[in-house]
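Visitor: Pasting a structure here, questions to come.
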Amino acid sequence: MKKITKFIASTLIFTSVFSTVVFAKAPEPELIGTSALAVDLETNEIIYAKNIDKKMYPASITKLMTALLLAENKSPGDLLNYPEAAKNEAPYSYGLNVHPVNAGDTFTASNAMDILLLYSGNDIAYMIAENVGGSVNNFVKMMNEKAKELKMTNTHFVTPNGLDDNTPDHLTTAYDLSILLKAIMSNDWTKSVINKKEASVQSTKGPVAKIENRNKLLGINGNIGGKTGYTDKSGRCLVSVYERENRKIATVVLNSEYDYPKDTKVFEDMEKLADYSYSAEKELLLQKDSDLNTITLKYNAIPLIGPERAIRVPVTIHEDITYYDTEVKPEINYNVNNLSAWKLNKDKSVGQVSVKIKNSESKYDLYPTISKLDIIKENILIYSIMLIVIISLIVLTIYLINKKKRSKRRYTRYY
């Protein structure tokens, strides 16, 4: 069984192996939003970070979780009953701002999803909560259980629509919302809906109504989906997914400015963030062929019999390790296998170094910079002395044997 020795460095303590910037770093965007994040959806690499673990009010971005639970618990053709209590929800609400809806009327889950994510209907979020959870309170429990399952560790939901007038505890973070956005993009139903610019919807007994997506950036410069939000507490919020150059990047801006009536500031923040994310270059973290760390191995200079000695073995990598330099610093772990000094080979891996930043982790093979030949060279004096001793013993043995033979011959002649 392998014995693993771990060397953990949560900060860049091995300064001798860290180079300066490989590329000239692009200026970071100046954003109004208090918190912002850009993360590669395939690799989970954080490209830009600003207060990403600061707890914030998410407003209607909450509805992404409501949508995810609807998608996981209902089919598009299922009917949902519009409850009396939904009529009391604040604008924007479908029954209040689009067309009146009577309690007991029904919507297909497909229409409910469209209204929830495009129009951001507060009453529809309430309707979904009652139909999926049995009650709003139970649905909120489901929301928090799902957040825990997704490892949204700094999130606590109180309402299904994000309204926070009566609670100080409806909170999340930019980083947690990026996790939720990734889950939305992994579900075919929700992924397709946030990509819609408009939809025609209706209740079973109501007329057809045309609704438009409130994400003003949809379809522009690679924006393939998103969700807006606003309350007095949250400020203007926006999450989006961009696809350019065969890369999908999730972007989050929280607590930006609501410049009514133009309402452009948060979208300007988002465009700056997206443009920066696709132009950002990685920087050098660990340089190939440099001594990253050392391990100490004990061995017998002469196998099995000693003397026991210790040798410090530097380890290295055969490729540069790069990363995006943000406020979130990497955790570097060295995992080295139990080794025999006599089996060291510069071309054979002796373990791995892992670089972890939040949910992004990459592993690289470690190689020794010395081999058993170097051990032999280090002990050449011992081996030379040993060789002299062996030769001396052989000569002495031959001498003693010959002496004994001569003595025996003299004794025989005398007799």
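All positions are counted from 1 along the displayed chain.
Glycine too: its Cβ is placed from the backbone N, Cα and C atoms.
Annotation comment: TrEMBL describes SER60 as active site, acyl-ester intermediate. Residues or ranges marked as active site, proton acceptor in TrEMBL: LYS63. What TrEMBL lists as active site is SER120. Residues or ranges marked as substrate binding site by TrEMBL: LYS227. The domain 'Peptidase S11 D-alanyl-D-alanine carboxypeptidase A N-terminal' annotation in TrEMBL covers 27-256. What TrEMBL records for 1-24 is signal peptide. The annotation transmembrane segment is assigned in TrEMBL to 380-401.
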Visitor: Validating a neighbour-count step here. Other CB atoms within 10 A of the CB of SER60 (active site, acyl-ester intermediate): how many?
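Guide: Neighbour count, Cβ to Cβ under the 10 Å cut-off: 25.
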Visitor: Between LYS63 (active site, proton acceptor) and the residue listed as 'substrate binding site', how far is it from one CA atom to the other, in Å?
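Guide: Approximately 8 Å lies between the Cα of LYS63 (active site, proton acceptor) and that of the residue listed as 'substrate binding site'.
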Visitor: What residue among the recorded positions LYS63, LYS227 has the most other CB atoms lying within 10 A of its CB?
Guide: LYS227
Visitor: The domain 'Peptidase S11 D-alanyl-D-alanine carboxypeptidase A N-terminal' (27-256): mean pLDDT?
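Guide: The predicted confidence over the domain 'Peptidase S11 D-alanyl-D-alanine carboxypeptidase A N-terminal' (27-256), as a mean pLDDT, is 98.
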Visitor: Long-range same-chain neighbours of SER120 (active site), Cβ under 8 Å, sequence gap at least 6?
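Guide: Expected: SER60, LYS63, TYR92, ARG214, LYS227, THR228, GLY229.
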